[in-house]
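K.L.:
Below you will find the structure I want to go over with you.
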Amino acid sequence: MVQLGKLLRVLTLMKFPCCVLEVLLCVLAAAARGQEMYAPHSIRIEGDVTLGGLFPVHAKGPSGVPCGDIKRENGIHRLEAMLYALDQINSDPNLLPNVTLGARILDTCSRDTYALEQSLTFVQALIQKDTSDVRCTNGEPPVFVKPEKVVGVIGASGSSVSIMVANILRLFQIPQISYASTAPELSDDRRYDFFSRVVPPDSFQAQAMVDIVKALGWNYVSTLASEGSYGEKGVESFTQISKEAGGLCIAQSVRIPQERKDRTIDFDRIIKQLLDTPNSRAVVIFANDEDIKQILAAAKRADQVGHFLWVGSDSWGSKINPLHQHEDIAEGAITIQPKRATVEGFDAYFTSRTLENNRRNVWFAEYWEENFNCKLTISGSKKEDTDRKCTGQERIGKDSNYEQEGKVQFVIDAVYAMAHALHHMNKDLCADYRGVCPEMEQAGGKKLLKYIRNVNFNGSAGTPVMFNKNGDAPGRYDIFQYQTTNTTNPGYRLIGQWTDELQLNIEDMQWGKGVREIPPSVCTLPCKPGQRKKTQKGTPCCWTCEPCDGYQYQFDEMTCQHCPYDQRPNENRTGCQNIPIIKLEWHSPWAVIPVFLAMLGIIATIFVMATFIRYNDTPIVRASGRELSYVLLTGIFLCYIITFLMIAKPDVAVCSFRRVFLGLGMCISYAALLTKTNRIYRIFEQGKKSVTAPRLISPTSQLAITSSLISVQLLGVFIWFGVDPPNIIIDYDEHKTMNPEQARGVLKCDITDLQIICSLGYSILLMVTCTVYAIKTRGVPENFNEAKPIGFTMYTTCIVWLAFIPIFFGTAQSAEKLYIQTTTLTISMNLSASVALGMLYMPKVYIIIFHPELNVQKRKRSFKAVVTAATMSSRLSHKPSDRPNGEAKTELCENVDPNSPAAKKKYVSYNNLVI
């Protein structure tokens with residue numbers, strides 16, 4: 001079984017496919033079922049919903065034995081905290097009413113492989129059994145006792161154990177909430193997606209420790225880590241954060257091996273190694289209790305009392321046991337631990353536990369023997385180092401020392417987090433059902449996980465319990481210093497806290513022999529490449545290293561010089577190198593969006609044009625003014641095409657086409673729209689004066705007017721070509737950032753921002769003029785073709801270009817100018833084209849394709865009908881009305897004298913008439 005567990009750990013680390021792991025799980029689960037026959041030690045509590053629990057009840061055993069001595073605080077205290085929390089929840093009428101929480105609690109023996117074997121108990125109910133071919137000796141089918149279904153797991157404690165268990169539980173989608181695992185790698189939501197924790201990850205405490213070290217003025221420290229995920233990942237996080245923060249050097253990183261032949265010799269060697277850098281007095285420790293105790297003992301043997309300045313992680317926290325008999329060597333040690341509070345209710349609960357009232361805890365008898373150093377008369381007693389008999393009348397806290405273990409609060413919070421998630425899940429899925437409804441039973445772990453990640457309640461310490469997207473709790477730490485001198489109560493003293501930022505009371509700190517002055521842990525390492533030495537007066541052996549900043553490089557040991565204009569410092573600032581040349585790439589996010597929009601627009605434009613050509617002689621197409629419609633669609637098409645020219649690699653040909661087409665598409669579009677709106681305006685203005693049709697309203701005249709307007713744009717472009725021929729340049733100023741590593745030379749066309757605006761200026765003038773005409777014709781009856789759609793188009797287009805101008809010029813000094821301006825320009829043109837296409841043509845295409853019954857000739861309209869409509873519109877405009885637009889026609893009829901000539905005209909449908 002152990003070998004299979006080790007094999008699974010290897011396969012998990014090698015990221016084997018889930019199918020392979022699941023096959024092995026079936027084998028392991030079968031073995032686990034057999035294992036229960038001879039290893040029955042687990043706690044079972046019946047309930048409607050069962051939670052799993054993983055606790056280090058025992059320490060690691062010697063070679064060949066999975067479990068060792070019982071762990072009174074880390075094991076029994078935490079286990080009883082879960083039982084206490086279950087009792088509290090089950091007696092709370094407001095939390096999970098009509099639902100009883102049960103439990104299946106297992107011992108991990110502080111070993112990841114053993115914990116893996118134990119945790120297979122949680123997945124037995126999820127493994128299908130095929131018993132179709134199985135018969136008992138009497139010929140009857142077998143009856144299997146279905147194991148309880150575990151919906152979530154509380155635990156584990158050690159990070160290495162949680163990592164191993166999490167790999168199994170995620171395969172069966174069982175959510176897991178740890179109360180003590182802080183390894184940073186557990187924050188990887190891709191690998192440990194069903195893992196959450198009520199304690200912050202080590203990356204947070206590493207940041208807190210970096211802040212502490214810097215606040216004390218130390219810039220030269222060593223690190224010490226126990227071998228394993230917790231220690232090594234903690235130091236890795238500390239090192240990474242210290243590098244990012246700057247001003248902090250790591251003298252050396254020492255690892256404490258897990259398997260040691262001679263503990264004394266190994267730890268003496270570690271102390272000697274730390275003394276190789278005597279100026280690095282500060283030692284940052286991520287280690288377990290036993291390693292902390294051994295390193296302090298080794299420092300004492302080396303007669304280094306007062307030399308080392310210890311900075312301990314939460315594994316040290318405020319524990320007394322690792323410091324026993326080594327208080328003098330530990331004086332001044334600074335430690336941190338997650339902010340916590342003593343749960344008074346648990347103290348009352350635990351100190352009242354006896355052998356009689358706590359039979360549900362199968363390990364409590366063993367704890368009793370160890371705690372009171374006595375031997376029970378029951379069979380199976382493991383206490384062999386004493387002849388003192390237990391009476392059963394001993395009391396915890398009275399006949400033995402008792403102090404609440406530091407993680408009790410987090411165990412309770414973890415159980416409550418699971419309970420709150422189940423409570424909200426029950427309310428949502430079983431609103432009108434008492435207890436656990438079938439929908440909740442079948443919901444699965446993935447749904448429960450969503451509820452877990454959304455919990456937010458005040459925990460046992462009064463602080464909010466919540467999880468971020470990676471399942472981590474927020475970082476809140478208390479900072480302690482161990483003080484024994486000049487104090488009436490030797491021990492840990494609270495000197496600060498860390499919640500995203502450090503609050504440290506330096507005046508409350510003291511060091512060896514009661515010294516208040518902060519001892520130093522600083523010295524100067526040789527300057528790195530790219531730094532110059534700046535010697536300090538009176539200390540020639542130490543100096544400050546000043547980096548060559550900006551575009552400087554290290555000319556010699558004492559001097560920095562500037563690189564040439566088109567160069568930047570190399571990576572280590574020992575010389576200069578050419579600045580890379582960049583352009584807007586097709587795969588860049590800045591280009592992908594405009595290109596995507598342009599491609600959609602081109603497809604839509606071609607579709608509209610094809611539809612109009614296909615139905616060229618239908619009333620709707622003829623009513624829209626076929627000639628100008630095709631001109632307008634051509635302009636819209638060119639507006640989309642310019643996107644590709646703006647993103648293409650600049651050369652003389654591309655730059656030439658940019659100049660031609662930059663404003664041409666817009667010019668064609670707005671010239672056609674201006675001609676249309678002007679024609680509508682002139683017709684209705686003329687209709688108010690006489691029945692004579694205005695001049696130049698025929699299709700040929702309209703095309704001639706449009707061509708004349710477009711020719712002005714082309715003439716301006718040709719003059720531009722003659723005055724300033726197209727060319728390409730490399731602009732080093734645009735991307736010459738403060739950080740030379742980000743400096744780039746921009747390959748672009750020799751076109752200034754002002755030239756771009758001038759090229760677009762004529763088109764904008766046409767757009768504004770067209771908007772003016774759209775406003776003037778806003779009172780035209782809605783059935784007179786395209787006056788109002790054109791108006792809406794122009795209003796929207798004006799908004800687009802009003803937004804474009806501040807963005808375009810507001811980013812002129814930005815390091816991302818090339819990308820922002822190009823993207824803004826192309827998107828603005830795409831949006832302008834899309835607005836025109838969507839408002840003017842999509843409704844027509846919709847009718848043509850989906851409602852052909854509306855695409856019919858209703859009645860032709862003479863100019864007299866237009867005159868009549870103009871007269872009616874004029875009369876209507878003189879009478880104020882509060883009615884909505886939908887009642888305009890009714891009011892039009894109400895305001896016409898029935899005896900007037902206009903009123904005697906027959907009502908004419910204005911649909912599909914060319915205006």
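Glycine residues also receive a Cβ, built from the backbone N, Cα and C atoms like all the rest.
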K.L.:
Would Swiss-Prot have GLU627 on the same side of the membrane as THR822?
P.N.:
no
K.L.:
For the L-glutamate site, Swiss-Prot lists ALA180, SER181, THR182, TYR230, ASP314, LYS407; sort out which one of SER159, SER196, SER222, SER242 goes with them.
P.N.:
SER159
K.L.:
Tell me, from CYS523, CYS541, CYS542, CYS545, which cysteine Swiss-Prot puts in a disulphide with CYS527.
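P.N.:
As annotated by Swiss-Prot, the paired cysteine is CYS545.
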K.L.:
For the disulfide involving CYS563, grab the partner from CYS548, CYS576 as Swiss-Prot records it.
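P.N.:
So the cysteine paired with CYS563 in Swiss-Prot is CYS576.
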K.L.:
With DSSP as the reference, give the number of residues of the topological domain 'Extracellular' (649-654) in helix, strand and coil.
P.N.:
3 helix, 0 strand, 3 coil
K.L.:
Counting Cβ pairs under 8 Å to the transmembrane segment (655-675), which of 591-615, 703-723, 754-775, 789-810 comes out on top?
P.N.:
754-775
K.L.:
List, in sequence order, the residues of the same chain other than SER159, ALA180, SER181, THR182, TYR230, ASP314, LYS407 whose Cβ lies within 8 Å of the centroid of the Cβ atoms of the recorded L-glutamate site.
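P.N.:
Sorted by sequence, the hits are SER157, GLY158, SER178, ALA183, VAL199, ASP202, SER315.
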K.L.:
Could you pull out which residues elsewhere in the chain have a CB under 8 Å from any CB of the topological domain 'Extracellular' (649-654), counting only those six or more residues past its ends?
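P.N.:
Tertiary neighbours of the topological domain 'Extracellular' (649-654) are 583, 726-728, 747-749.
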K.L.:
Measure from the Cα of CYS430 (disulfide bond) to the Cα of every one of the recorded positions CYS109, LYS407, CYS527, CYS545, CYS563, then give the nearest.
P.N.:
LYS407
K.L.:
According to DSSP, how is the topological domain 'Cytoplasmic' (616-627) divided among helix, strand and coil residues?
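P.N.:
Residue counts in helix, strand and coil order: 7 helix, 0 strand, 5 coil.
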K.L.:
Measure from the CA atom of ASP314 (L-glutamate binding site) to the CA atom of CYS249 (disulfide bond) and give the result in Å, rounded to a whole number.
P.N.:
22
K.L.:
As a test of the contact definition, list every same-chain residue at least 6 positions from CYS576 (disulfide bond) whose Cβ is closer than 8 Å to its Cβ.
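P.N.:
Residues satisfying the criterion: TYR553, CYS563, PRO564, GLN567, ARG568, PRO569, ASN570.
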K.L.:
Counting Cβ neighbours within 10 Å across all chains shown, tell me which of the binding-site residues SER159, SER181, THR182 comes out on top.
P.N.:
THR182
